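Encoded as structure tokens, here's the structure I'll be asking about.
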Amino acid sequence: MPGKPKKACIVGSGNWGSAIAKIVGHNAARLPQFDDRVTMYVYEEMVNGRKLTEIINETHENVKYLPGHKLPENVVAIPDVVEAAKDADILIFVVPHQFIRTLCSTLLGKIKPTAIGLSLIKGFDQAAGGGIDLISHIITRNLRIQCAVLMGANLAGEVADEKFCETTIGCRDSRLAPLLRDLIQTDYFRVVVVDDEDAVEVCGALKNIVACGAGFVDGLGLGDNTKAAVIRLGLMEMIKFVDIFYPGSKLSTFFESCGVADLITTCYGGRNRRVSEAFVKTGKSIKELEDELLNGQKLQGPYTAEEVNFMLKNKGMEDRFPLFTAIHRICIGELSAGEMIECIKHHPEHIPKTTYVEEDETATETKTTG
Ligand SMILES: NC(=O)C1=CN([C@@H]2O[C@H](COP(=O)(O)OP(=O)(O)OC[C@H]3O[C@@H](n4cnc5c(N)ncnc54)[C@H](O)[C@@H]3O)[C@@H](O)[C@H]2O)C=CC1
Ligand SMILES: O=C(CO)COP(=O)(O)O
């Protein structure tokens, strides 16, 4: 017998939060397994003298973070996160990563103990002991609920325009996966579910660092070949990072939308790329440019670079990740953008893996360790 329809709540209402609200609202209204009413937590602010929640509930448009797109009428904006989340069976977390710990402490003990989470948040947080924490792990630990992740090549504006794209859900629990997929999938937004949850999330976070490198390349007026080199070396560092810190993950995950596809789209069309290009061209700080160019939207790349560097430095491993390290040092003003290229000219990936040794007039292939 079918159970009670599941209630969904979207915790967040920025650019991506609003685009996903459009999809979730549409699916909740059409599919019997979901309650029609979808709540959306909106961090309250005044826009043109009016509360943003009131504007959204009257006009069904998030005029600040996703202007020009109507949200379904069953999506209800609520300024109190506890009020928005308390009855939900599925909590979709989609706030900039710097706000997640505060939100979790507000929600602790106030949500259904049977609720499940789905994190769309790309980023890490610093962990005690000098490491990093995955956002889904923070949610699971602090709210005591399971939390899957969704990451992909999903620039919010294009998704809201209903242009075809793919996404990846990382979900270890195969019983939950169909419910999450049904809530998210549409004919233009195709979901692939994999069980390699941590690697999916790490891809989503790390690609934002590489996107800053792509922006520096654009700011320096270097060409597509240089950008391709940064993307390739970035991908190799992402793979190495997962290999070292999340052993047991699968290489195939990098070929899902959350891997190579997200890396490409962000390095060409994302906010991290845009602000990083302006950083080189204007000489202003990242923070100034974030405020000037993004109208309240938040960057993840420079913060993620800092969090990753915090861990790499603690472990004495900066030289194994020269691109991530250079990007962080450029963001904080320790290096000029031009020096990124110097830093990667002798990248470990350039050390030959194969050498050919002439022996008795026959060429013999031998392996060297890079
Ligand atoms: N925008 C995009 O194209 C995509 C974004 N993402 C990821 O989704 C996550 C959320 O990004 P967006 O929805 O784009 O957000 P955004 O970048 O538009 O951020 C602004 C949001 O933060 C809220 N905010 C500001 N101060 C706050 C506070 N103190 N507490 C709570 N919320 C506060 C604002 O009200 C607004 O809703 C990020 O991790 C991002 O990397 C993932 C895929 C695509
Ligand atoms: O994650 C994104 C696309 O998948 C968006 O990237 P930006 O935050 O750089 O815009």
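Here the Cβ of each residue, glycine as well, is placed from N, Cα and C on the backbone.
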Of K122, K163, K345, K353, which one shares the substrate site with R271, N272 in TrEMBL?
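Among K122, K163, K345, K353, only K122 appears alongside R271, N272 as substrate-binding in TrEMBL.
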Since TrEMBL lists G12, S13, G14, N15, W16, G17, F99, R271, K298, Q300 for NAD(+), which candidate among A156, A211, A214 does it give for that site as well?
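TrEMBL names A156 for this NAD(+) site.
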Including all protein chains shown, what's the count of other C-beta atoms within 10 A of the C-beta of G14 (NAD(+) binding site)?
21
So among the binding-site residues W16, F99, who's got the most Cβ atoms within 10 Å?
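Buried the deepest by this measure is W16.
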Tell me, in order along the sequence, which binding-site residues from G12, G14, F99, Q300 have their CA within 10 Å of N272 (substrate binding site).
Q300
What's the CA-CA gap between G12 (NAD(+) binding site) and K122 (substrate binding site) in angstrom, rounded?
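Cα-Cα distance, G12 (NAD(+) binding site) to K122 (substrate binding site): 13 Å.
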For each of K122, K207, N272, Q300, count the other CB atoms within 10 A of its CB; which of these recorded positions has the top count?
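Top count of Cβ atoms within 10 Å goes to K207.
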